[in-house]
Amino acid sequence: MEHINEIVNIIIAFIGQLGYIGIYIIVTLEYSIIPIPSEIVLPLLGFSAFHGEFSLLGVLICSTLGALTGSILCYSVGYFGGNCLINSIERRRPKSTKIFKDLKFWFSKHAKITVLLARIIPMTRTAVSILAGVERLSLIVYITYTSLGILLWNGTLILAGYFIGDNLTVISSLVKKYNILCILILSIILIIFLYLKFKKKKNNN
């Protein structure tokens, strides 16, 4: 925890020096491949907005643009790097093999929903972005669903900080619970969606 606090302090100092540009850079890095604890940083930015250091709208816009930039960078890496990149990652990190296998399965069936849901899971969002590029998913479709997921997730974290304050313990606990709850709710929605789609297809036949 002490190590994380040091990282957070460095990030906050960096943002303090560069302002909105700093927010954009940090979130861009976090949504690409650098593991920055956004579940702590974004609520703190929301708290700063509450005290007038930043505007709430400015934080939301800069974090969204940064997240979208990082996601597009990963998409581009997948688009131009192809399966060679995934094979390289799997060799270096054997545990990622199952992740990519599961993602490829869901991606082949439900690319849009996979891109949307992946925004709430830190390492998975990077893998899905790369996979979207590898599978040549339409850039417009990718940006649309990625933006929606980013707004939902970043907005939740920033607003949590805005309304709850700088109590990192409470916010971190809520984020963990929210993450699990969110996945459960979205899974239920996905099941209902698939059922209705299957039922409609059956009726048409």
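Cβ coordinates are placed from backbone N, Cα and C, and glycine is handled just like the others.
The structure displayed is predicted, hence computed values, not measured ones.
Annotated domain 'VTT' per TrEMBL: 36-162, in sequence order.
Feature annotation from TrEMBL assigns transmembrane segment to 7-34 (among others). If one looks beyond the transmembrane segment (7-34) by at least 6 residues along the same chain, the residues whose Cβ comes under 8 Å of a Cβ in the stretch are 40-42, 44-45, 54, 58-59, 62-63, 65-71, 73-74, 125-126, 150, 154.
Sequence annotations record features per position, and here TrEMBL assigns transmembrane segment to 54-86 (among others). Listed by sequence, the residues of this chain that lie at least six past the ends of the transmembrane segment (54-86) yet keep a Cβ under 8 A from its Cβ atoms are 19-21, 23-33, 42, 45-46, 48, 100, 125-126, 129-134, 136, 139, 142-143, 146-147, 150-151, 154-155, 158, 162.
TrEMBL lists 139-165 (among others) with the feature transmembrane segment. If you look at the transmembrane segment (139-165), the same-chain residues 6 or more away from its ends with a CB under 8 A from one of its CBs are 27, 31, 38-39, 42-50, 56, 59-60, 63-64, 67-68, 71-72, 75, 111-113, 115-120, 129, 132, 171, 174-175, 178.
Residues annotated as transmembrane segment in TrEMBL: 177-196 (among others).
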Composition by DSSP (helix, strand, coil) of residues within the domain 'VTT' (36-162): 112 helix, 0 strand, 15 coil
